């Protein structure tokens, strides 16, 4: 009957959540900016974890010694088997406790302790874990090391002498009590008596006094149900190295969780938020194995405190923006890298670059501030004016025009380039739109799927308003010859600076080339002048020579007086 009630409660809760989801999703709006190939989904509200709340859960155990269940009856065998499971679980938890980081009170960092603990635990429990699983194990432990620091601190204190008895004494007459631990921290503690009461008051009298003669199977079933919580807790702690997340219903039942939320020192709005989103709360909570002592299993439950709620949040979706008017293989691309969740927080903006770490329930965004960056409010200017002077917007560049699609809250961004075929389809009408080369956007109204090449994307079916903001793609403003490629973590100003450096280099090269050409021209002129001078000199010399020659040839012969006399004239001497 109790199981049926839980199932009906879960069904009604699911229906209520779906109704709330459909109602609130209608307030979502989405703006697509053609100039930057990006879209912003608005209408969400924050639930940001800013702290942790720790509580100690104790499960009281029974000291079961040797039993007299040696019969051959099926019910007797089942009872004996379940009792053996119970004792084995307690033994494994004791082994587990000896190797937990909290058992070592020396001042060491939690993460290395967890690694030692993981190795020791796998040896002691003879658990066969592959190398791949060990790597995943250690990665998980390193990742949660800082998140569970407060829970580890409480868990360590429980190992000090007298701490468990202090808790037991505080819980003698009540199921809940605030206990001040030795480190000065006060924690809410609670006890679970179901299993111990059933074993001591109902099961053991049958086992020890009636030699396990059980008249009906209901006794067996009831013990199995009561025992299942301890067995599952043991399994979870053993498999997950003493730290589990999310918080299962075995670690903390729904009624226990709601009761604990109600006791937390937070506002009524925060309590209402957590109570109506228990699944999200479980996903962001931890349970930490502490100690098994004095017939008490104690472990720490660490719940999130959402210190920032109801502030506006928005999600930025981005896709590659490339040129399309250049021959294939010569395009340039630009992509905004500031995609993720943004939430207003005390005058600034909390930015969550890993959007998957945030959980969305209806129009509520649950994020952990440990995964956030704090940015000035001017960061929102990048959506409307990426070249603004107040905030340097983040981008990446490349020369590879890859086609892809990004599913948004109310539609899809489609980056279609080259010879890739990109379409939007309706399940009843088939293809209803074929995208041309470039970046485009399609609303989810009447669209069920988007196809890019051989990849099929299913669009979200939320309701809301879409706005298509047209604009010249900013990639067209850049010269492919000087556009820097493969800048994976850059900004608009850095890219522009590199472009200016490239342009300056080109200008300098042109100047050098001009100077070289000018020098060559001067040399040529000088050589030509020298040649001309030489030719003129040679021609002048030749002219002078010819003139002298001609003058010498035209001069008349003059005879002396003796030559004109007859005596000396040879002609007359004969």
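Here the Cβ of each residue, glycine as well, is placed from N, Cα and C on the backbone.
Looking up the ranges 445-480, 481-516 in Swiss-Prot, the one annotated as coiled coil turns out to be 481-516. In this structure, 333 is the one among the disulfide-bonded residues 333, 367 with the smallest number of other Cβ atoms inside 10 Å of its Cβ.
Ranking the disulfide-bonded residues 313, 322, 358, 393, 422 by how many other Cβ atoms lie within 10 angstroms of each Cβ puts 393 at the bottom.
Between the CA atoms of residue 422 (disulfide bond) and residue 343 (disulfide bond) there is a gap of 33 Å.
Cβ environment of residue 27 (N-linked glycosylation site): 43, 363, 464 lie under 8 Å away, each six or more residues apart in the same chain.
Residue 367 (disulfide bond) sits 40 Å from residue 500 (N-linked glycosylation site), counting Cα to Cα.
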